[in-house]
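Student: Would you mind keeping the following structure in view while I ask a few things?
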Amino acid sequence: MAHDLLFRLFPLLALGVPLQSNRLGPTSRLRYSRFLDPSNVIFLRWDFDLEAEIISFELQVRTAGWVGFGVTNRYTNVGSDLVVGGVLPNGNVYFSDQHLVEEDTLKEDGSQDAELLGLTEDAVYTTMHFSRPFRSCDPHDLDITSNTVRVLAAYGLDDTLKLYRERTFVKSIFLLQVVHPDDLDVPEDTIIHDLEITNFLIPEDDTTYACTFLPLPIVSEKHHIYKFEPKLVYHNETTVHHILVYACGNASVLPTGISDCYGADPAFSLCSQVIVGSAVGGTSYQFPDDVGVSIGTPLDPQWILEIHYSNFNNLPGVYDSSGIRVYYTSQLCKYDTDVLQLGFFTFPIHFIPPGAESFMSYGLCRTEKFEEMNGAPMPDIQVYGYLLHTHLAGRALQAVQYRNGTQLRKICKDDSYDFNLQETRDLPSRVEIKPGDELLVECHYQTLDRDSMTFGGPSTINEMCLIFLFYYPQNNISSCMGYPDIIYVAHELGEEASE
């Protein structure tokens with residue numbers, strides 16, 4: 001058969017893998033999982049050993065044909081690193097480390113670096129379980145890194161190995177996660193509360209920022225929010241760009257109803273302290289066991305919900321009731337958590353030239369005035385998590401910590417940032433920031449597909465350069481942003497700066 005020329009074949013009995021299996025094949029102990037396609041046909045489980053630099057995958061596909069899984073890049077599937085396998089009608093299995101030489105054609109690697117751990121087929125599923133090193137010496141193997149990784153999954157209806165667009169899927173995943181939810185405590189008295197907009201008619205405009213005041217859960221004593229997640233209306237996932245919850249002082253007089261966040265009513269724009277949030281591709285996030293968001297005390301602020309809608313198809317008659325779901329408990333954590341927004345001030349002169357292979361924006365935060373701004377002595381802050389944010393031209397971000405003119409560390413980074421995967425991530429270890437430290441945010445953009453200037457702004461086709469640091473203990477500092485020298489920028493552009 002032609003398959004014998006394409007695959008390395010193994011006798012079924014030599015592998016000790018029965019053809020008939022239960023739904024999931026061999027018992028899986030892999031901690032992480034998600035579907036890779038909109039129809040939930042392809043299900044991936046994975047886990048890894050950081051010390052050994054080995055990662056294991058289990059791909060389960062609703063097919064009796066071949067299955068494949070691997071790593072690809074941002075721009076083309078050609079060159080993708082793909083491990084393929086299946087079970088032939090005679091009971092033999094095939095398994096091979098390959099790469100794409102054309103959009104639909106695979107070629108076997110000279111070095112076989114994937115190890116088969118199990119391959120089964122039943123009346124419904126084909127399940128392939130294998131491991132591979134993070135890195136190999138094979139030029140056709142793409143690395144598994146601590147950045148966002150674009151994975152490719154494909155399958156056939158039979159054992160004829162050829163890729164078809166309708167059965168090939170690419171998804172961005174942060175594979176090397178630091179914490180798994182099973183590692184964290186779940187309080188027995190958990191209460192769920194939804195912070196949501198209600199039956200909001202999304203305007204037919206490209207960009208809308210809708211804000212509304214949110215009454216907090218009514219509790220008689222202090223509680224802690226320990227987890228949050230986006231609550232999206234089905235079919236509106238691609239229209240909701242981000243959801244943020246901001247804090248407003250208890251003395252704030254907040255409007256009722258839903259209004260433009262940055263429009264005529266200044267009350268909304270005065271609420272700038274980010275509490276929790278989610279953006280494109282974001283999922284649930286649980287705080288470390290010793291920190292939580294405080295609610296139920298006289299000092300706790302009022303909240304505003306902000307939803308950014310990107311309706312670039314100008315669809316009429318679309319209603320939305322999206323928001324943020326929070327989980328809270330009376331079991332108090334040791335620390336109240338907070339969020340520090342860093343980056344480049346978006347308005348009015350953040351700009352990126354067209355046709356740029358690489359363009360950098362920098363936002364510098366100097367913390368020596370933090371105690372003065374806080375209005376009280378401020379202890380060192382401990383950073384445990386972060387959220388990266390640019391729009392479509394963003395390619396990479398990082399936050400770097402300096403002390404006394406010396407670089408201490410890169411707090412967080414992603415050299416393969418994807419706008420479609422913006423999620424809160426944990427740091428491998430907590431980072432201490434002292435007053436006087438300098439925090440530099442670096443954003444890398446690419447605009448090869450644009451023929452006009454890209455300006456900073458609220459629309460998805462505008463740009464931003466932001467990193468949100470999750471930290472404790474709580475203080476009164478909400479943001480620390482870099483702001484360019486307007487006179488210098490105007491001079492470089494050959495323009496005259498106005499007041």
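Glycine residues also receive a Cβ, built from the backbone N, Cα and C atoms like all the rest.
Model, not experiment: these values are computed from the prediction.
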Student: Of Met128, Met464, Met481, which does Swiss-Prot put in the Cu cation B site with His389, His391?
Tutor: Met464
Student: Can you look up which of Cys211, Cys248, Cys271 is joined to Cys261 by a disulfide in Swiss-Prot?
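Tutor: Here Swiss-Prot pairs Cys261 with Cys211 via a disulfide bond.
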Student: So Swiss-Prot lists His241, His242 for Cu cation A; which of His140, His308, His350 goes with them?
Tutor: His308
Student: Name the cysteine that pairs with Cys365 in a disulphide bond per Swiss-Prot, restricting the answer to Cys137, Cys248, Cys480.
Tutor: Cys480
Student: I'd like to know which of the recorded positions Asn236, His241, His308, His391, Cys443, Asn476 sit within 10 A of Cys211 (disulfide bond) at the Cα level.
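Tutor: So the list is His308.
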Student: State the Cα to Cα distance, in Å, between His389 (active site) and Asn236 (N-linked glycosylation site), rounded to an integer.
Tutor: 20
Student: Relative to the Cα of Met464 (Cu cation B binding site), which of the recorded positions Asn236, His241, His242, Cys271, Cys443 have a Cα no more than 10 Å away?
Tutor: Cys443
Student: When DSSP states are grouped into helix, strand and coil, how many residues of the domain 'DOMON' (40-156) land in each?
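Tutor: Here the numbers are 0 helix, 65 strand, 52 coil.
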Student: Cβ within 8 Å of the Cu cation B site's Cβ centroid: which residues qualify beyond His389, His391, Met464?
Tutor: Thr390, Gly394, Phe419, Glu463, Cys465, Leu466
Student: Please report the Cα separation of His242 (Cu cation A binding site) and Tyr209 (active site) in Å, rounded to an integer.
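Tutor: That comes out at 10 Å between the alpha carbons.
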Student: Do you know which of the glycosylation sites Asn236, Asn404 has the most other C-beta atoms within 10 angstroms of its C-beta?
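Tutor: Of the glycosylation sites Asn236, Asn404, the most buried by Cβ count within 10 Å is Asn236.
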Student: Residues other than His241, His242, His308 within 8 Å, Cβ to Cβ centroid, of the Cu cation A site?
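Tutor: Apart from the listed residues, the neighbours are Val240, Ile243, Ala279, Val280, Ile307, Tyr309, Ser310, Thr460.
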